[in-house]
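Taken straight from TrEMBL:
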type	residues	note
TRANSMEM	12-29	transmembrane segment
TRANSMEM	49-67	transmembrane segment
TRANSMEM	76-97	transmembrane segment
TRANSMEM	103-127	transmembrane segment
TRANSMEM	165-192	transmembrane segment
TRANSMEM	219-239	transmembrane segment
TRANSMEM	251-269	transmembrane segment
TRANSMEM	275-297	transmembrane segment
Amino acid sequence: MYYITKGLRMKWLGVFFSVALIVELIPSIMVQGNSVSVSLAETFSFNKIYAGIGIAFLIGLVVIGGVKRIGKVTEFVVPLMAGAYAGAGLLIVLMNLSSVPAFFSLVFSNAFTSSSAVGGFAGAALAETVRWGFARGLYSNEAGMGTAPIAHAAAMTDHPVRQGFWSVIGIVIDTLIICTTTAFVVLASGVWTGKNASIDPAALTTAAFQHYFGSGGGYFVSVSLVFFVVSTIMVVIFYGVKQAEFLFGRLAGHVIKFVYLAAIIIGAAGGAKAIWGFLDLALAFILVPKCDCAVVIEQKGKSAVHRILYI
């Protein structure tokens, strides 16, 4: 929001972006709360609402401590769990090495052509594939949304371009490693064609890992999801706090923390389909102005990258 108001001298658009992001983060956090509560309920037979309350309490202990505490927790948790999850997925890939060509064939053939319904997967035209790909991809890696720079701006670095390169690496790890691994495990396991095909996505992933590792696989996914969700929500709340402080001051930043913590519990109790619909709509309100600004400031960005690469 600062580069919009100061770099582009468009204060009204910076204010619009901040307000839109504050609102968008509510369904975003609700989705996270729903995913982890469903996974815990499926694996450990927890009550979803109680699981949501527990997650909200744990996150509250950290976010009230501020950005430094958030940084200390995430810098330890995220690499550890991402590495463990990717490692488990790689093991499944090695167990099904002969299925890799069929996996990519299935992905691309269904992405660019209509297909008949199989299990819970309905056929979709290319337009629908692109629509869902953009919606879920944006939510997963935040590319082009203007949210990741909020976190990267808090980093200690000798040059903003170098920090920007780390942002690109994050997108690669998230999309090409974590998401592709999950897709392969789900498709290779075959659970998407059976009775579990229509269940919640988080529970579907749990069922896929259980297919290979038994109950231990389910426990692993649930625990991994807890760590992923906790670290993600902590950072997302930080985004919202910065928007509130930008608009209304530090007190508003403290108030918005409790709004977002409540969203975790509400999401745990709600239905995933309704929450995702709300989130997809909210994403558009921050994506459109951010993309417009990126086009306007493109030349300045290119110049900064050129200077650091060719010094």
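Glycine is treated like the rest: Cβ placed from N, Cα and C.
All TrEMBL annotations are machine predictions without curation.
Computed from a predicted structure; not experimentally measured.
For the transmembrane segment (219-239), the list of distant contacts is 21, 25, 28-29, 32-33, 35-36, 39-40, 42-44, 55, 58-59, 62-63, 67, 70, 73-74, 77-78, 80-81, 84-85, 88, 147, 150-151, 154, 202, 205-206, 209, 213, 256-257, 260-261, 264: same-chain residues at least six beyond its ends, Cβ to Cβ under 8 Å. Using the rule of three or more Cβ pairs under 8 Å, pairs at least 6 apart in sequence, the transmembrane segment (49-67) is in contact with the transmembrane segment (251-269). Under 8 Å from some Cβ of the transmembrane segment (76-97) lie the Cβ atoms of residues 173, 177-178, 181-182, 184-185, 188, 209, 212-213, 217, 220, 224, 227-228, 230-231, all in the same chain and six or more residues away from its ends. Using a Cβ-Cβ cut-off under 8 Å and counting only residues 6 or more beyond its ends in the same chain, the transmembrane segment (12-29) has close neighbours at 1-2, 4-5, 139, 146-147, 233, 236-237, 239-240, 243-244, 246-247, 256, 259-260, 263-264, 267, 275, 278-279, 282-283, 285-286, 289-290, 293.
Residues 22, 25-27, 29-34, 36-37, 48-49, 51-53, 55-56, 59-60, 63-64, 233, 236-237, 240-245, 275 of the same chain sit 6 or more residues outside the transmembrane segment (251-269) yet have a Cβ under 8 Å from a Cβ within it.
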